[in-house]
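**Student:** Pasting in a structure now, in structure tokens, and then I'll have a few things to ask.
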Amino acid sequence: MQQDVITIAIDGPAASGKGTLARRIAQRYGLNHLDTGLSYRAVAKALLDAGQPLEDEEAAVAAAKAVDLSKADPEVLSANEIGEAASKVAVISAVRRVLVEKQRAFAQTPPGAVLDGRDIGTVVCPDADVKIYLTADAKVRAERRWREIVAKGGNVEFAAILADIEQRDRRDMNRVDSPLKPADDAHLLDSSKMDIDSAFLAACGIIDNALASRK
Ligand SMILES: Nc1ncnc2c1ncn2[C@@H]1O[C@H](COP(=O)(O)OP(=O)(O)O)[C@@H](O)[C@H]1O
Ligand SMILES: Nc1ccn([C@@H]2O[C@H](COP(=O)(O)OP(=O)(O)O)[C@@H](O)[C@H]2O)c(=O)n1
């Protein structure tokens with residue numbers, strides 16, 4: 001990694017709090033932030049809007065090439081069905097190649113970035129200065145996501161959210177290309193029993209230590 005650019009990788013399963021943590025870390029350390037899940041969501045939404053099957057590689061690659069990272073709108077892309085569809089287009093290697101290239105270019109822009117996703121520490125930025133694998137018990141994650149949806153006026157069963165999250169985790173962990181797993185040098189952080197502030201403090205401890213020993 002370039003010495004003048006700092007890269008912090010945050011990976012983990014669905015609704016583990018990656019985005020929340022990454023945004024706060026970016027603010028604290030004066031870095032850019034990229035939610036890489038949004039790029040897979042944008043590809044999935046383009047196919048859904050066009051009525052194309054999620055397995056259509058040619059259409060998915062064209063949609064990936066058209067993704068503008070700076071224009072992916074979290075409000076539009078946050079729907080649960082889009083997350084589910086995103087994990088289906090995310091198994092297509094040709095789509096991943098296009099998006100990973102854009103994500104790497106973003107990471108290399110000074111002063112550096114916090115990227116959150118599934119393969120940041122393993123594939124996108126294997127030389128990241130700090131890697132955190134953020135996880136939490138599936139029921140805890142489902143409850144957080146369920147509360148988020150209900151708070152926005154959504155009406156959905158907790159059991160359906162838990163089933164979606166478990167199915168998506170299985171798909172993400174078992175795909176051939178860039179499966180979700182902790183990088184060998186990732187710091188594991190389990191936030192099952194931590195509120196947002198405690199998880200943030202724990203992450204800052206990990207980052208401060210790692211940056212202090214950075215040559
Ligand atoms: N440590 C935590 N304790 C309680 N709620 C959390 C915690 N971290 C995140 N959340 C909440 O959980 C939900 C999912 O977090 P988010 O950052 O969107 O996760 P991800 O990016 O991994 O999908 C959000 O509503 C967020 O406010
Ligand atoms: N770096 C990434 C980010 C997301 N994804 C895929 O995109 C889907 C949506 O990611 P997301 O981060 O927006 O999902 P949440 O954890 O926010 O629910 C994931 O389930 C993965 O299949 C990926 O394959 N690689």
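Note: Cβ is positioned from N, Cα and C throughout, glycine not excepted.
What TrEMBL records for 8-197 is domain 'Cytidylate kinase'. As annotated by TrEMBL, ATP binding site applies to Gly12, Pro13, Ala14, Ala15, Ser16, Gly17, Lys18, Gly19, Thr20.
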**Student:** Given the ATP site residues Gly12, Pro13, Ala14, Ala15, Ser16, Gly17, Lys18, Gly19, Thr20, which other residues of that chain have a Cβ within 8 Å of the mean position of their Cβ atoms, reported in sequence order?
**Tutor:** Leu21, Asp116, Leu134, Ala136, Arg141
**Student:** When you measure from the Cβ of Ser16 (ATP binding site), how many other Cβ atoms are you left with inside 10 Å?
**Tutor:** 28
**Student:** Provide the number of Cβ atoms within 10 Å of the Cβ of Lys18 (ATP binding site), excluding the reference atom itself.
**Tutor:** 26
**Student:** Can you tell me which of these binding-site residues sit near ligand 2, meaning the Cβ is under 6 Å from at least one of its atoms: Gly12, Ser16, Thr20?
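**Tutor:** Checking each Cβ against ligand 2, none of them comes under 6 Å.
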